[in-house]
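The transmembrane segment annotation in TrEMBL covers 20-42, 62-82, 89-107, 113-130, 151-170, 176-197, 229-252, 264-282, 294-313, 319-341, 353-372, 384-405. Per TrEMBL, domain 'Major facilitator superfamily (MFS) profile' is recorded for 21-418.
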Amino acid sequence: MGGAVVDEGPTGIKAPDGGWGWAVLFGCFVITGFSYAFPKAVSVFFKELMREFGIGYSDTAWISSILLAMLYGTGPLCSVCVNRFGCRPVMLAGGLLASLGMVAASFCRSIIQLYLTTGVITGLGLALNFQPSLIMLNRYFNKRRPMANGLAAAGSPVFLCALSPLGQLLQDHYGWRGGFLILGGLLLNCCVCAALMRPLEAPRSGSGPGPQRPARRLLDLSVFRDRGFVIYAVAASIMVLGLFVPPVFVVSYAKDLGVPDTQAAFLLTVLGFIDIFARPTAGFITGLKKVRPYSVYLFSFSMFFNGFTDLTGSTASDYGGLVVFCIFFGISYGMVGALQFEVLMAIVGTQKFSSAIGLVLLLEAIAVLIGPPSGGKLLDATHVYQYVFVLAGAEVVASSLVLVLGNFFCIRKRPEAAVEEEEHQPPADVRADSREVEHFLKAEPEKNGEVVHTPETSV
């Protein structure tokens, strides 16, 4: 978007776009799957929790809400930890916390204790894994980054399709306490993924020291000076208000139309199956040379497509119409999931991405806590599901317009003097010595004296 930058990792290190990066991609795939699917997968235990503790559905639903709130709302904390300690140590600690929370939850005697263990501790652990994994993916991939983001994002629907049946199986055989204990053991795989996040090392020339790394703030608020980031953050926050609403209400919508419970639940299976293939496909298409310069507009189109699908889905009057809605919603939802962090990476670059994603997730956390409940209140007031889908669609369409219009009018038409000043002024925090210059001249002689265009900088 506008002033995007080239991501070559820490100073002096070029993204390998392969090699060990494929192991990092696999780890990111698993972490993304656990982070997004786990809050939904634990819902299979809600009925047994209601029966044991004598509580209502709204009380148990707070478990998933707290999990999501921790995943999104602790973004700045994760940014500070990553900038202070690095990605791998933070992820190892997060994996242990996520596992510890579920193991402790299996011994809980009240719903409040479950809020603290499953919600807060496990949610914090997943957050400490999710954000650093995306940062490492950004450092290992540049040319193939859109495809890598799409493949990593596919972990969410794949794990959702796997964890929900597994949770039901564990509950049937071991009860909710045994199921939580086993799920806690599964979350230790986050530590294995953390071990895959090997830091990139700067190349050394002879016996001299490698390139110096620029000084880094624990939380870089200077990203708010980037108009591209501000526009992205505003659009993403509006989008999240309505993005997660249809999957929450589509099953109840089908039941309200008289569809049997089994067929109604199958709608989510259709949506998830389409989503699995939509995410890597969207990432592959975005990575094409002729498409990547317009990734921001493709992201805006995916948001508009998703909102328009919600608006047309509100007119569905039978089960067939809802199946068609879920197919198109799965395509658009997968496109959004594959592109959202790819576009953010292109806007702020590697050095500021750890702070930028934390701040964006914090803003989205507020929207996550407002979106579905507001849809529920609208439903309680009107008892008409169509209004809920219209509201969600309008919010997502509005976010797409904010992104595309903001990019077109505020980014592309910057003052020429400011653009020229940015192009000729070197970064203040990057210091190059003679060894770095010599290494650059030897390593990339074909680029010396030429203006090198990249897909991001051409937007």
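Cβ atoms here come from the backbone N, Cα and C positions, even for glycine.
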- Answer yes if the transmembrane segment (294-313) and the transmembrane segment (384-405) have at least three CB pairs under 8 Å among residue pairs 6 or more apart in sequence, and no otherwise. yes
- Please work out the mean pLDDT for the residues of the domain 'Major facilitator superfamily (MFS) profile' (21-418). 86
- Same-chain residues at least 6 beyond the ends of the transmembrane segment (89-107) whose Cβ lies under 8 Å from its Cβ atoms: 31, 34, 78, 81-82, 113-114, 117-118, 120-129, 132-133, 177-178, 180-181, 183-185, 187-195, 197
- Item | Recorded stretches the transmembrane segment (319-341) and the transmembrane segment (229-252) touching, at least 3 CB pairs under 8 Å | yes
- Go through the chain and flag residues at least 6 beyond the ends of the transmembrane segment (20-42) whose CB is under 8 A from any CB in it; none is fine as an answer. 63-64, 67-68, 71, 91, 98, 118, 122-123, 126-127, 129-130, 133-134, 136-137, 140-141, 148, 151-160, 162-164, 166-167, 183, 187, 189-190, 192-194, 196-198
- Task: Rank 176-197, 229-252, 353-372 by Cβ pairs under 8 Å to the transmembrane segment (384-405) and hand me the top one.
- Result: 229-252
- Any contact between the transmembrane segment (62-82) and the transmembrane segment (353-372), i.e. 3 or more CB pairs below 8 Å with pairs at least 6 residues apart? yes
- Message: Under 8 Å between C-beta atoms and at least six residues away from its ends: which parts of the chain pack against the transmembrane segment (229-252)?
- Response: 1, 223, 264-265, 267-268, 271, 300, 303, 306-307, 310, 313, 322, 325-326, 329, 333, 336, 340, 343-344, 347-348, 356, 359-360, 363-364, 366-368, 370-372, 374-375, 379, 385, 388-389, 391-396, 398-400, 402-403, 406-407, 410-411
